Every structure is written in C-alpha cells, then in structure tokens.
Amino acid sequence: MARMAVSVLAILLASCALAAASFDDEFDITWGDGRGKITNNGQLLTLGLDKVSGSGFQSKHEYLFGKIDMQLKLVPGNSAGTVTAYYLSSQGPTHDEIDFEFLGNVTGEPYTLHTNVFTQGQGQREQQFRLWFDPTNDFHTYSILWNPKHIIFMVDDMPIRDFKNLEGKGIAFPKNQPMRLYSSLWNADDWATQGGRIKTDWSHAPFSASYRGFKADACVVTVGGRPRCGASVGTEVAPGTGAAGEWYNQELDLTRQQRMRWVQSNYMIYNYCTDPKRVAKGVPAECSM
C-alpha cells in the first residue's frame, strides 16, 4: 500500500511538472510602463512596443540547468525593425547567455530566428534560421535544453542547434553561473532587418508579442544558492523525492541528429563557423570539431 502511495505521489508530481505555470507566479514585468501585461488568470503574457518604449519581463527564479519551454506568437504584419528576445542569462562582464532572438521583417517576408551562446562573456557564436511556418499566425514552442553536456535549441520539439560541452578541448561551457529567463520586445532598426536598411514603420504601432505555456523542468537555485532539482517551476517536491529529470543526461539520438541536420541544410541562413570574414581570421576552435 505504501509503495502504491509513493507511485501515486510520483505521478502527481510528474503531472505538475507538465502543467503550464502561471506568469503571475513565475515572472516579473520589469520595464515598459504598462506595455507588458499578464491576463487570462496568469496564463497569457503580452509585451508591447511603441515609439516611446518597448517592454520586458524576467523570471523570479534562477536556474542551473533545465529544460525551458515557452510558446510565442510573434509580431504580425510589418514587424521590420522589431526584435523579440527570449533568452537565459547570468549577470556581469563574464556572464553566460543562451539566446533566441526573432528579427522582424516587412510584410510578406520571413522572420529571422537568431541564436547565440555566450560563455564567460564571449559570444559571437551566431547561427540564424528561417522558420518553416509563419510564427505570427499561431503559438509555437521554443525550447532550450541545457544540461552539463549540451545546449540544444528546439522549435516545436525539432532540434535546430546543439552546442556541445567541449571543455576537454579548452572551450568554455556554461555550467557554473545560474541564469534567469528574460524576454523583451524592443526597437533595433539600426541592425535587425536587412542589416538596418529597413527601419521601423511606427504607423503600425503598437506592436505586440504574446506568450503562453511556460514550463520549466529545471534545477532551481534556492535562497541558500544551491540548485534544487526535480521540481517543475511553481511546484513543491516532497522531501527526498527530488531528482533531475531525463533532460539532465539527454542528448540527440541518431534520428534527432538527422532532423537537426535537415533543418540546418534547408533553413540555416548564417553560421559563424562558415562566415568567410571570420574564416579569414581563424574560426573558433569548436568549428573544427
């Protein structure tokens, strides 16, 4: 009977881990003077941008490894000049960071999905993609799987990038600095669309991006600074039952590696490892491994 009770508890905890968390409980809107809003009983968050200001939010928790899922619906229509950023980051000059950025475009032209990884303050590891759907028509899930061996970027569970831990080859990997989740909608028309040639058309303002379905199966950093694994954000784990999920040791199997290569072959439009300007100066070490 006791064993059955433990099994039931485990099932309940797993169910909690899969439930979307409330934005009211998990995030603070940190800037934008009312342009960021949480509605639908905490299940929907919207960010706004006009000529005066954009807006943004950050997680209440810090994470040290985890699988983070968020559903986004991006700015529709003429989004040129706008950037919707969704990323994990620590603080300070030697910060670590894991980036999704969505670069807007003129009506009828596709968004650019920009990804980057910073380690100890060093970035410039950009890979950019087109998406195989219109990200403004509906919500789509953008995921970061961060464990001690891999950082895997996913779109609707399709892997698009795998940044591997190559510390044994002298390449830094984010593993010691807890990170918060941030997102913002802001004007970057000096560079975001066609290298800054296309500027934001403010006649289409206010611009808006929407968020729902946040899930974090992660190691959450507690008040004492120690990571607590095994609980989805917003849930409590009974004493002695907490353990990191399958994501902690997850890597891409052969099938998912093939899917990632398919995305990269068909939808990648920029790779820092093959940029002729960078190749001439010497590519980063991980590019040759």
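Note that Cβ sites are derived from N, Cα and C of the backbone, with glycine treated the same way.
TrEMBL: automatically predicted annotations, no manual curation.
If you look up TrEMBL, you'll see 1-21 marked as signal peptide.
Annotated domain 'GH16' per TrEMBL: 1-211, in sequence order.
Taking the Cβ of Glu97 (active site, nucleophile) as reference, residues of its chain lying under 8 Å away and at least six apart in sequence are, in sequence order, Tyr87, Leu88, Ser89, Ser90, Asn116, Val117, Phe118, Gly123, Pro174, Met179. Annotation comment: TrEMBL describes Glu97 as active site, nucleophile.
Feature annotation from TrEMBL assigns active site, proton donor to Glu101. Neighbour list (Glu101 (active site, proton donor), Cβ cut-off 8 Å, at least 6 residues apart, same chain): Val83, Thr84, Ala85, Tyr86, Tyr87, Leu113, His114, Thr115, Asn116.
Look at TrEMBL and you will find Asn105 tagged as N-linked glycosylation site. In sequence order, Ser79, Ala80, Tyr111, Thr112, Thr193, Gln194, Ile198 are the residues of the chain that are 6 or more apart from Asn105 (N-linked glycosylation site) and have a CB within less than 8 Å of its CB.
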